Amino acid sequence: MLQRNFHIITFGCQMNTNDSFWLSCSLQKKGFQEVSLEDASIIIINTCSVREKPEQKVYSILGKIRHATKNNPDSFVVIAGCVAQQLGATFFEKFPQVRLVSGSDGIAMAPDAIERLYAEPDLKLNLTDFSEYYPEREYAFSKLTLSNNNTLALMAYVNIMQGCDNYCTYCIVPYTRGKQKSRSVQAIVEECQQLIDSGVKEIVLLGQNVNAYGLDKDKNSPANGVNFAMLVHTIASLPGLERLRFFSAHPKEFSSELIDLFGEFSTLCPRLHLPLQSGSDKILRRMGRKYSMDEYISIITKLKKVRPDIALSTDFIVGFPGETEEDFLQTLQSINTIKFMSSFSFCYSDRPGTRSSTFSNKVDHEVKIKRLEQLQATQLEHSTSWLKSRVGVETTVLLEKVSRKKAEDNNSWQGRDPWGNVVNVILPQSTNISNTLLPVRIIASKKHSLVAEPLII
């Protein structure tokens with residue numbers, strides 16, 4: 001018998017994570033219960049198409065689901081996200097247990113669609129049409145609680161836009177997320193205020209290219225003339241908000257007005273993720289990134305002038321078609337010059353339908369692997385140095401969850417400092433963790449995290 005319960009499997013970026021969280025909250029408001037994969041009647045796979053062979057990953061998961069749910073023949077599967085947008089009704093043909101395919105814009109309608117599927121066993125639905133404007137969603141966040149897995153809901157993502165108009169030559173996102181569609185200022189600010197009123201301390205603004213907010217090609221954009229710097233100014237000023245971040249930005253639209261806000265608002269965290277992708281101007285042009293290395297460094301220089309303690313992270317693609325050894329060495333030099341606190345780096349792989357998939361001068365796989373290892377080793381040196389430099393610093397940690405390395409006689413909690421570092425804080429057992437933004441002193445650095453002691457108990 002089909003039960004009113006579900007399980008969500010999520011791949012990919014923070015936007016997918018936020019989509020899955022919203023979907024979970026919405027379904028629970030409708031009376032569905034979130035359960036384990038083995039017990040679920042409805043299995044939702046929120047997919048990503050950015051990395052290599054995404055369809056194969058989804059097909060593999062579907063095979064495992066068939067085995068895991070063999071004792072529940074009435075169960076069905078929902079495919080959501082970017083791979084759903086790409087393949088659409090193909091899933092119905094290959095996998096009979098799939099009854100809903102929901103693309104990027106279809107997520108807003110998915111809870112009602114799942115309700116229908118639960119009531120109509122023979123129904124199948126395809127929600128892969130792009131909408132003209134940002135598909136607004138029902139507010140589904142509940143009051144701040146300490147959940148069963150000892151996690152505090154103190155940080156929340158807020159979508160401010162959908163899609164992208166940049167069309168970098170290697171990127172599938174404009175095809176799977178659609179054209180850029182900014183959300184209305186009023187809806188964004190209202191959601192942020194509702195989250196703050198619910199107990200949220202930190203908000204992360206999300207979009208494929210957040211600093212292009214309001215620059216939609218559609219002149220009737222709901223942004224109504226407001227740009228990203230103006231939006232950040234408004235949200236950073238909201239009473240009760242402790243921390244504000246945004247992800248992901250693009251160097252091309254990084255304005256002086258936005259840079260100045262880092263010096264104006266302590267609420268705006270001293271941490272920025274700004275994808276560089278390559279340190280070679282030649283490769284940046286082939287990627288269609290529309291900025292030079294000098295322009296990127298100029299942004300960093302201005303940021304450090306207004307916020308000297310700012311920490312920077314980035315993305316790199318290694319082995320892009322046409323990348324020579326000299327191009328790669330320029331990328332290594334960019335790491336040594338800017339000293340990123342961390343980076344996400346991957347070997348280039350073709351995405352069908354993108355311009356770069358047709359480029360000649362592909363780099364050999366062995367060369368790509370060797371370069372990636374060299375880049376990651378260089379980055380590790382700077383990441384280690386950054387973490388060591390934090391020892392002795394007094395700061396605040398936003399507690400998130402019980403640490404996996406819980407000491408036997410202590411109450412060990414994990415959280416993040418304003419720079420986004422993972423910090424494990426050892427507290428006496430009797431500590432009341434209601435003081436969730438905790439003043440601490442960093443006492444040690446680990447490979448990927450920090451250890452701190454509380455300054456106030």
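Heads up, the Cβ atoms here are built off N, Cα and C, so glycines get one too.
When the candidates Cys48, Cys164 are compared with the [4Fe-4S] cluster 1 site entry in Swiss-Prot, which names Cys13, Cys82, the shared residue is Cys48. Other residues of the same chain near the [4Fe-4S] cluster 2 site, with their Cβ within 8 Å of the Cβ centroid of Cys164, Cys168, Cys171, are Asn166, Tyr167, Tyr170, Ile172, Val173, Pro174, Gln208, Gly288.
Compared over the binding-site residues Cys13, Cys82, the count of CB atoms lying within 10 A of a residue's CB peaks at Cys82. Applying DSSP to the domain 'TRAM' (388-456) sorts its residues as follows: 2 helix, 35 strand, 32 coil.
Here the CA atom of Cys48 ([4Fe-4S] cluster 1 binding site) lies 15 Å from the CA atom of Cys164 ([4Fe-4S] cluster 2 binding site).
DSSP states for the domain 'MTTase N-terminal' (4-119), grouped as helix (H, G, I), strand (E, B) and coil, give 57 helix, 25 strand, 34 coil. For Cys171 ([4Fe-4S] cluster 2 binding site), applying a Cβ distance below 8 Å and a minimum sequence separation of six or more within one chain yields Val50, Cys164, Arg351, Thr354. Listed in sequence order, the residues Phe11, Gly12, Met15, Asn16, Thr47, Ser49, Val50, Pro54, Gly81, Val173, Thr176 complete the 8 Å Cβ shell around the [4Fe-4S] cluster 1 site centroid, once Cys13, Cys48, Cys82 themselves are left out. Cys82 ([4Fe-4S] cluster 1 binding site) and Cys168 ([4Fe-4S] cluster 2 binding site) are 17 Å apart (CA-CA, integer value).
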